[in-house]
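Chemist: So that we are looking at the same thing, I have put the structure below in structure tokens.
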Amino acid sequence: MKKNSSDILRSNSVKVVVRVRPLNEREIARGAKCLVSVDTTDGQTLIVKSPDDADSGNFKVLRRRIPEFRTFSFDKCLWSVDKTDRHFSGQDALYNYLGKEFVFHSLEGYNTCIFAYGQTGSGKTYSMIGSLNDPGLMPLTCKYLFDQIAKRSKMDICFTVTVSYYEIYNEVAMDLLRARDVNQRSVALKVRESPIDGPYLENLSEFQVTSLDDVLAFIRVGNNARITASTRMNDTSSRSHAIFTIKIKQVYLDKNSKRTVEKISRFRLVDLAGSERAYATGSTGSRLKEGASINKSLTSLGRVITYLSEGKPESIIPYRDSVLTFLLSDSLGGNSKTAMVACISPSDYDESLSTLRYATAAKHIHTNAIVNETRERKFLCNADIEKELDDMTRLLAEVQAEKNALEGHKYESIKLRFTINSLKDVYETRILSLEKENEALRTHLRLAIDSIRNPISFPETTEFESGINSDVLREYDCIDDDFEILQHDIDSLKFDLIELGHEINW
């Protein structure tokens, strides 16, 4: 079914859920009455009744003229006051309404954020974390996330999940999962800003998780490290804002485009410290300073919510007024699908109205959530992979054959080089021998020629002696012929030796 423009606009708005907690022991002891009711016909309308004269907890309200009833409308109103009421909404109601939807958004590739807002002791931490027997939104959502990951992993989707956990205390961000310093305090982190990723904490530890048990273990470690204290309004009041972040990376094959798709999303679960008034909490000293810091950051958050709801230009939104609003800037007015869980007391008129006013403003905030997706090079189907594998196998066989041939040529070359070197040695020895023989013949020939050219005078020779001289001349002629033959052999051997040298160098 096609969505109309109002549906699309609302889908990009901050979703607001209001949860009304039960009366606590202090409220019951002072005889406080429930001032809040939920219209059960639609589950979206909340009515706040003015207190009567007998309610001592709202004595300041009684001095003012106020309307008897105030009506507010939100995406969902959860009635958690009386478990015996058939309209009672427990932890599972919050999870079913917000948790599942935001897990799906995260798996679609959207950045998401759910933050709990309200006065101290209004049930924020219980809604987000819960107890061992009644787990809150954080553990229930993480369980559902890993259930979905298990199902989608069977569809050839590869997941990588990491978690981080930090708190903001007195305007200082501290890692809740990192080793403590010598004073057993969490290590302070520097706030930085990236032109691509926006605000971030330098050296914030991130841990890869593969199961729900891994996540719950890190949540326990972080919660134990978180700063809490007792006030008149809450025995274990959170004195810091806590931000638990889950990063989900998924890689899979788009069968239509045959390309690998990578989606990276961030899921923030934020438990804000409660707003408080000094006279109500009875805070002094360091508790008073903490309260002032909490109120300052929440005031900055309220101002940001107001500016965003009024559509103010991005350039004048006061994100930098506090560490909290700076780090959550993209969740509040940027690339994120965001929800606010506004927790209120059923009996505190002023504080509940303050929370409801901010919740009303928040639902008018429009974010610009987009799918964080990148598509890589074309991915091959099975048939293409098999063909490419066959081609690579054939090419590998050809390369191996050429390698073997080269190895054979190398072996033959070594043998030939060895043979040539051996012949070279033989030729060099033969040349040396011939040169010595040649030199001896030269000497012999020179002496013979000298004796002919310069004969020694003797008496006239007999016919027999003349014959001897003729024989000697003929012998000399033969020696001269041998010399020429020997010289030709030497030249031929030298030429062969030069050719061998060329072959060796080749």
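Cβ atoms are placed via backbone N, Cα and C, with glycine included.
I grabbed these lines from TrEMBL:
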type: BINDING; residues: Gly118, Gln119, Thr120, Gly121, Ser122, Gly123, Lys124, Thr125; note: ATP binding site
type: COILED; residues: 382-444; note: coiled coil
type: DOMAIN; residues: 13-365; note: domain 'Kinesin motor'
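Could you place these features in context, so I can see how deep they sit and what lies close by?
Modeler: There are 29 other Cβ atoms within 10 Å of the Cβ belonging to Gly118 (ATP binding site).
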Chemist: Among Gly121, Gly123, the binding-site residues in question, whose Cβ has the most other Cβ atoms within 10 Å in this structure?
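Modeler: That would be Gly121, with the most Cβ atoms nearby.
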Chemist: Over the domain 'Kinesin motor' (13-365), what is the model's average pLDDT?
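Modeler: That region's mean pLDDT is 87.
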